[in-house]
């Protein structure tokens with residue numbers, strides 16, 4: 001197991017947000033965390049790299065407990081791509097280089113530069129290398145953000161709604177990259193998502209959250225009309241086309 | 001995960017080199033400006049002689065250090081350079097560096113382009129401290145000559161009071177941000193509130209002051225780099241150097257915070273701690289400068305923005321660049337202030353904005369350059 005989450009709970013003051021979250025993940029797996037707005041998807045993601053400290057439970061990465069590790073140590077194991085990232089007057093190369101922060105002593109080394117260059121090539125950002133990120137589109141910025149998390153050389157990648165503001169082409173490209181990275185670099189990825197069909201296309205593990213607890217978890221077969229209706233309160237049918245599963249909402253009268 | 005097969009990108013390395021050249025160019029300009037600044041004044045000294053006098057003075061001091069008791073016989077030029085103009089020019093450079101580096105750090109920490117020692121009320125707190133000292137403790141006095149019209153009976157009490165109030169303002173801001181969570185918005189707003197509070201306090205005291213005290217307070221409030229002795233200059237230089245080194249050492253952390261708090265945390269940065277410590281360091285360096293030299297506006301706010309326009313937001317270049325720009329702007333302002341209405345010498349604070357604002361507006365209009 002690369003990631004072991006056991007009994008994680010989090011609450012703001014008295015209001016419980018998530019509780020009893022237990023799952024594990026192997027290398028090469030992509031996990032999609034699904035559920036309606038406000039159910040605690042992002043909270044769960046943040047608990048997994050201790051941006052929010054879980055009130056109970058444990059998070060292990062390759063057997064090492066994250067809750068007793070210091071922030072730098074965690075940053076060398078977990079890469080986090082937030083929903084939005086501030087774009088200052090910085091070049092793409094420098095913005096990605098920032099991902100080496102957990103590994104940098106006083107200054108960057110040649111190794112850091114080489115790693116960043118390779119990541120930039122992997123995400124086809126070469127032509128934009130010296131562009132300022134405050135002049136870039138949402139899709140390009142998202143790629144920079146992912147490249148930054150990749151050069152941390154993490155074991156687990158966490159992505160908070162990586163496709164929420166992207167067009168179709170960019171969604172496919174970003175999720176394709178996540179898929180490719182997990183296979184080529186022997187890591188696991190966890191993403192929160194709203195688009196069920198994109199999740200079904202690119203993820204192989206699924207967690208459906210309802211009222212802060214896991215309602216269903218497992219492979220693609222846990223995404224059924226019953227679980228979707230239970231979690232989202234929307235009647236759907238799950239169809240197959242070209243080997244992919246698709247969730248199609250039903251008209252209320254035909255439900 | 002391994003990416004070790006990447007190449008060293010020549011274009012990026014060239015880009016980094018260009019940024020370093022900008023900063024190096026700034027250092028050269030600063031040095032030339034130092035010579036020019038010392039050479040102009042009531043007695044004009046040719047730049048070449050200024051240079052010789054500086055070298056001579058250094059050699060003399062080394063000799064004195066090695067053989068205590070040696071009797072030196074400095075020329076009148078050496079006296080002017082070493083006793084009057086050099087300390088003033090160096091004070092301008094040190095104060096410029098200190099205020100500018102404090103400004104750049106606060107802008108990043110507070111995530112606010114208006115961050116500077118003034119936004120947070122630190123300077124106004126210092127002015128209030130000076131007013132308390134002069135009016136309540138009675139440390140101000142007036143003489144009738146035009147130059148040096150006001151003498152502070154006990155300048156160290158005034159300095160100390162200014163310093164205490166600067167730190168008090170910082171402590172209050174940090175305390176408020178602790179209670180409400182260390183969010184940058186809370187810090188900025190607390191600073192604005194404190195700034196008004198201390199300004200009102202100063203006005204209250206001034207209303208009940210006699211004209212001697214009033215003049216002393218106003219005089220103190222005009223920031224003037226000519227006030228510093230070599231000893232005070234030493235203290236300011238030490239604090240400024242330590243603070244600048246601290247900020248440069250944390251340049252990656254500030255870059256991470258600029259990318260957003262969550263990104264920074266994900267990159268292993270203890271955001272709240274870096275913010276709090278950075279605030280204390282920035283406040284400390286501003287407090288030392290304000291309490292020795294008085295209120296010098298604009299430098300801390302505008303220098304970082306000038307450098308942003310020239311070389312971008314990357315803190316690796318922005319912090320050292322702001323240091324150099326701060327030194328240049330304040331030294332240039334002081335030089336102009338000493339000659340513009342000769343034989344009178346204006347306090348530099350009167351001129352910083354006059355000189356800085358047009359340059360700043362020009363840069364705003366021109367936009368960024370790569």
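Backbone N, Cα and C define each Cβ position, glycine as well.
Curation does not apply to TrEMBL; its annotations are automatic.
With a cut-off of 8 Å between Cβ atoms, the residues of this chain six or more beyond the transmembrane segment (B:21-45) that come close are 51, 53-54, 77, 80-81, 85-86, 89, 92-93, 310-311, 317, 320-321, 324-325, 327-328, 331-332, 334-335, 338-339, 342-343. What TrEMBL records for B:21-45 (among others) is transmembrane segment.
Residues annotated as transmembrane segment in TrEMBL: B:86-106 (among others). Taking Cβ pairs closer than 8 Å, the transmembrane segment (B:86-106) reaches residues 30, 34, 37-38, 54, 57, 115-117, 119-120, 225-230, 232-233, 236-237, 239-240, 243-244, 247, 254, 278-279, 281-283, 285-286, 288-289, 293, 296, 299-301, 303-304, 307, 315, 318-319, 322-331, 333-335, 348 in its own chain, all 6 or more past its ends.
What TrEMBL records for B:118-136 (among others) is transmembrane segment.
Beyond the ends of the transmembrane segment (B:156-176), by six or more residues, the same chain brings 120-130, 132-134, 137, 139-140, 186-187, 190-191, 194, 198, 220, 276, 279-280, 283-284, 286-288, 290-292 to within a C-beta distance below 8 angstroms of the stretch. According to TrEMBL, the transmembrane segment annotation covers B:156-176 (among others).
Proximity of distant same-chain residues to the transmembrane segment (B:188-209), defined by a Cβ-Cβ separation under 8 Å and at least 6 residues beyond the stretch ends, is recorded for 110, 112, 114-115, 118-122, 124-125, 127-128, 131-132, 134-136, 165, 169, 172-173, 176-177, 217. TrEMBL lists B:188-209 (among others) with the feature transmembrane segment.
Under the heading transmembrane segment, TrEMBL lists B:277-303 (among others).
Same-chain residues lying 6 or more positions outside the transmembrane segment (B:344-365) and placing a CB less than 8 Å from one of its CB atoms are 92, 146-147, 222-226, 294-299, 302-303, 305-306, 309-310, 329-330, 332-334, 336-338. TrEMBL lists B:344-365 (among others) with the feature transmembrane segment.
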